[in-house]
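As structure tokens, the structure follows; a few thoughts come after it.
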There are 2 protein chains.
Amino acid sequence: MYKERIRLPRLLDKVVSADTAAGLIRDGMTVGMSGFTRAGDCKEVPFALARRAASEPLRITLMTGASLGNDIDKVLAQADVIARRLPFQSDETLRRKINAGEVMFIDQHLSETVEQLRSGQIAPVDVAVVEAVAITEQGGIVPSTSVGNSASFAMLARKVIVEINLNMPLGLEGFHDIYFPVQRPYRQPIPLISAEQRIGLPYIPIDPEKIAAIVITGKDDSPSSALPPDEGTRQIAGHLSEFLGREVRAGRLSPSLQPLQAGIGTISNAVLHGLIDSPFHDLKMYSEVLQDSTIELLDSGRLTFASASSVTLSRPVYQHFLANLERYRSRLVLRPQEISNHPEILRRLGLITINTALECDIYGNVNSTHVGGTHMMNGIGGSGDFARNAHLSVFVTKSVAKGGDISSIVPMVSHVDHTEHDVDVIVTEHGLADLRGLAPRERARQVIDNCADPAYRDVLNNYFRRASRLGGQTPHLLEEALSWHVRYRDQRTMRESVPHEAMAA
Amino acid sequence: MYKERIRLPRLLDKVVSADTAAGLIRDGMTVGMSGFTRAGDCKEVPFALARRAASEPLRITLMTGASLGNDIDKVLAQADVIARRLPFQSDETLRRKINAGEVMFIDQHLSETVEQLRSGQIAPVDVAVVEAVAITEQGGIVPSTSVGNSASFAMLARKVIVEINLNMPLGLEGFHDIYFPVQRPYRQPIPLISAEQRIGLPYIPIDPEKIAAIVITGKDDSPSSALPPDEGTRQIAGHLSEFLGREVRAGRLSPSLQPLQAGIGTISNAVLHGLIDSPFHDLKMYSEVLQDSTIELLDSGRLTFASASSVTLSRPVYQHFLANLERYRSRLVLRPQEISNHPEILRRLGLITINTALECDIYGNVNSTHVGGTHMMNGIGGSGDFARNAHLSVFVTKSVAKGGDISSIVPMVSHVDHTEHDVDVIVTEHGLADLRGLAPRERARQVIDNCADPAYRDVLNNYFRRASRLGGQTPHLLEEALSWHVRYRDQRTMRESVPHEAMAA
């Protein structure tokens, strides 16, 4: 069965067991693996590495596109195979090791990793391991449900291991558009001017001599972990949809809006889902990951085209998508993450970007990554690429977490991923803060009044009032600025049990 | 004399006094004025506005390219003319009003202001006031020593006031390259692929009917306020030059490096100055502002071309430059700041960017703007545009300020302008921290050991050690993270007078 998928006959000899292929990876190496938001990860070699690590020292630097599925990061972390990890992850076990300082995690803008690799600024990839649906007659690699950094890993690595996944339909061939920017200083403009345009090849064009091993697999991607919409996410979607409607009526947006980007996760997915019943039409997406909502928007006819670097779906939508590929062929393209997230393209297209905040402060700075300012959740991912270059940068969050013990609106964020310059709109279930053209003191009024949970508004107002007396562009009481986080750390609630005045040390 | 500079005869009727021209500007209007880093500001109308404000209510939103010279921001602030100000300033009086909350200051990435204007996301410009050396036969405006946002202001405003500056030599004609990106969603790639390329017109092409008034002036730009190199800045330049030499020997850079950008100010100017005696050659600059060091580098032959949005020089170098324009004509171009700072171009060219930090934290986050986390100094300017999209993003600072009472290396910055993702290298007079490919805990070792003043190293190490025990990707003691700033605020020194342990509340 796999022979029709390896169309360059001399490569048939390269088919080996996962253990044999994994033998190419030695202690201390840098390995670039496919996989982006749980899609298109290689599903055999990582487990062979974990098995081998039981009997010999094996510690590697692991680079990927973004997060992996199939518990790969978990298994590799448990087996102590990962010494360094970049540029993103979302696994609980690995996260624990990162926060314990046992794994060095380099959290990067997703557009930047291969730029640094290409210029030799980070250690070169020794071996690339890439999931594919097929190898072409010329030895080109046809990726599966994600591109991520696979194309650059395969181009830059000395050796390439291909995992042919028989569970991925051959119909995926043709969905990819592989383009590499030329080396600096000879780089030309990237010719992409709209979400639906193709500028590259439908496969990764490498010298077939570099393909050192081929492993056959038949495992599925892990399903998306996004939760279904709930009352809160529906309210967030409603506020945003209403706001966009006002922008259309004011002549600042057309009814087709601007190309949409939405970060991975429950809230973004729910917000996009909410557009199914909106008055907007002929929408396009230019995003890094497509979730269930994208497929639903395509099916509804509301969305005409979607560009991304991966497709991460719940089990039923995944089955539906793979069984109906012909329906999506002309309306969906998968690109390298360097292109899906490239500042040049993003600034040119002018996206409406929707990303999730862990917490926002009253001036509109956003923390997307570090719980309590210290503990890594997943990583910044592509949110910086998108928010900085957006036409309209939206951040969404529920106003509270942990049953109200955490306020997502705080006096000062404990870690900054996105500065106020890159945040145009904040939305919670309570309302929307339109921060465009406002100075920080004006932003504070919008954020507190429109977005904070009513239970925290008085305390925020009190903080802002007392801080303003000390003056400044962004008034703060430095002794108190992070006290909400300290209180949560020590008392498991940000709620005050003493009057505010007593806090002002 | 001015008649040869107004080459469209019917515009000669438009020449009026500054007071008459300023009459076009009414209370509540948004005014876009030329001027970028003290260069090419309009020098008559602002003072006429200040005079008028003495006798009638006159409050405006003032947009510029960047900072103004000739005390314009001071005089307008004193006369209470400025209600809102964007996107940058550097005047002491205005700063005081901003920090008192009396002027709403919208601090923006310098590439973004006209993008927001063009899409109607901020209030439209009612009147543009632009300094020029001449008006062409077709009514095109030839700017003087800066372009900044002048071209877009003039294109987008309903009325334009031109200030013809007779002190600016006509030889400046031809130094400008005016290009506007096309409206989204029809935007094409910006065709610029090297610092020296021209892609636009040598004048601002507007409908001459929009020129509502012309004012004649003969005042000079204010000289640069950069100080000459000293021992500390020479050491910083030395560390950076040595590092770049190692990069060349490692094959990661050519001896012509990559195009250079340097922020405005004493340290950046001194660092560039230090390149005169370096082994690098055929250097190019793609920057937003050119200081004395650029002219010296051009004169020395070390630099072959410089592109920017303005020229801001000390008095003697300014005189030398204007008296010898022919020598620079083929080696210098001035562009709109949207192009000098455009993420598309910056990412394509791959710059080495050198910007000044107010303070850095042990993980490499940088504060460039807010003293003590609250009080605005100048603004983020173009540093975010450049650092985010750099090939190599360098931040420079002296390790201490105020005679050692302030450490520029702190546990946690009190305000974040540049996250650790956008900071590759930090240099102080003590040494250089190469942070590429390092996780935060590794970055801390580099920053503390190589960059901090020895007097603060033990305390920083102690903080980092105690914080690391609590775990995290970026370990912090939240109670103590901003205590250095509190101590400076209250005791005018960051030095500890009590043992560290007592601090950990």
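Cβ from N, Cα, C; glycine included.
For reference, TrEMBL has these:
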ACT_SITE  B:GLU288  active site, 5-glutamyl coenzyme A thioester intermediate
BINDING   B:ASN378, B:GLY382, B:LYS402  CoA binding site
DOMAIN    B:13-215  domain 'Acetyl-CoA hydrolase/transferase N-terminal'
DOMAIN    B:319-463  domain 'Acetyl-CoA hydrolase/transferase C-terminal'
Binding-site residues near the residue listed as 'active site, 5-glutamyl coenzyme A thioester intermediate', in sequence order, restricted to B:ASN378, B:GLY382, B:LYS402 and a 10 Å Cα cut-off: B:GLY382
Same-chain residues at least 6 apart in sequence whose Cβ lies under 8 Å from B:LYS402 (CoA binding site): B:ARG492
Nonlocal residues around B:GLY382 (CoA binding site), in sequence order (Cβ under 8 Å, 6 or more apart): B:ALA66, B:HIS109, B:LEU110, B:SER111, B:GLY263, B:GLU288, B:GLN337, B:SER340, B:ASN341
Local Cβ density at B:ASN378 (CoA binding site) - other Cβ atoms counted within 10 Å: 18
Span of B:ASN378, B:GLY382, B:LYS402 around CoA - largest C-alpha separation, Å: 26
Secondary structure tally of the domain 'Acetyl-CoA hydrolase/transferase C-terminal' (B:319-463) (DSSP, helix then strand then coil): 58 helix, 38 strand, 49 coil
Cβ atoms near the residue listed as 'active site, 5-glutamyl coenzyme A thioester intermediate' (within 10 Å, other residues, all chains): 29
Averaged pLDDT score, the domain 'Acetyl-CoA hydrolase/transferase C-terminal' (B:319-463): 98
